[in-house]
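Working notes, beginning with the structure itself.
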């Protein structure tokens with residue numbers, strides 16, 4: 001049942017990318033699944049909910065570099081970032097690729113838990129971090145005893161998966177520069193994109209040199225500035241025009 005539930009999203013990713021070597025496919029799948037993290041308006045829990053669940057939520061502290069959860073391990077609960085930053089990455093050493101950064105208020109682990117999927121990336125603390133953890137039993141009890149929260153949580157999951165699918169479909173048939181511009185706009189938090197070029201290339205099913213060339217063109221036109229594993233948008237209106 002769980003495998004059938006996630007198959008449409010996997011097929012959609014394959015259709016957009018055309019299928020690539022396993023390592024790049026792994027980065028791509030993890031990156032797009034990481035787009036389904038609960039964030040901002042799509043987060044399933046409100047501030048009042050977290051306060052009401054104080055006795056249920058476990059507080060866990062992580063030093064910089066500490067592993068929060070491992071790729072391929074069975075999802076055993078839901079993580080809510082309280083303080084600090086959590087890096088989501090696949091691979092190791094030189095093959096390692098960062099696919100997302102969790103910020104305070106972000107929620108992860110709920111979709112793999114509901115679908116009985118393993119985690120597809122490793123979460124590691126970038127800074128001193130505090131997370132709230134809701135284990136499987138507590139999560140199931142929460143959904144069973146708080147109908148309003150259960151409805152909002154299911155709506156949140158549906159919204160996140162739908163948004164990810166719409167983004168993927170929106171890439172079809174567009175020139176690569178327009179795809180890159182749109183991806184940067186979608187991924188920006190406070191005008192910053194904290195992803196390596198390899199991850200951006202994998203998400204679009206493109207070669208890294210092609211992405212690098214486009215980013216240099218954008219930088220030359222003063223739309224962005226490019227640093228190590230970070231891109232800053234300096235002209236949002238101009239970049240949005242390139243995405244059309």
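For all residues, glycine too, the Cβ spot is worked out from N, Cα and C.
A quick note: this is a predicted structure, and the numbers were derived from the prediction, not measured.
These features come from Swiss-Prot:
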type	residues	note
DNA_BIND	197-216	DNA-binding region
BINDING	41-160	nucleoside 3',5'-cyclic phosphate binding site
DOMAIN	174-237	domain 'HTH crp-type'
Number of Cβ atoms other than its own within 10 Å, given for residue 116 (nucleoside 3',5'-cyclic phosphate binding site): 13
Residues of the DNA-binding region (197-216) by DSSP state, where helix covers H, G and I: 17 helix, 0 strand, 3 coil
Neighbour-count leader, CB within 10 A, binding-site residues: 101, 131: 131
Other CB atoms within 10 A, centred on residue 146 (nucleoside 3',5'-cyclic phosphate binding site): 15
Greatest C-beta neighbour count within 10 angstroms, which of the binding-site residues 71, 86: 86
Sequence-distant neighbours of residue 56 (nucleoside 3',5'-cyclic phosphate binding site) in its chain (C-beta under 8 A, six or more apart): 134, 138, 141, 142
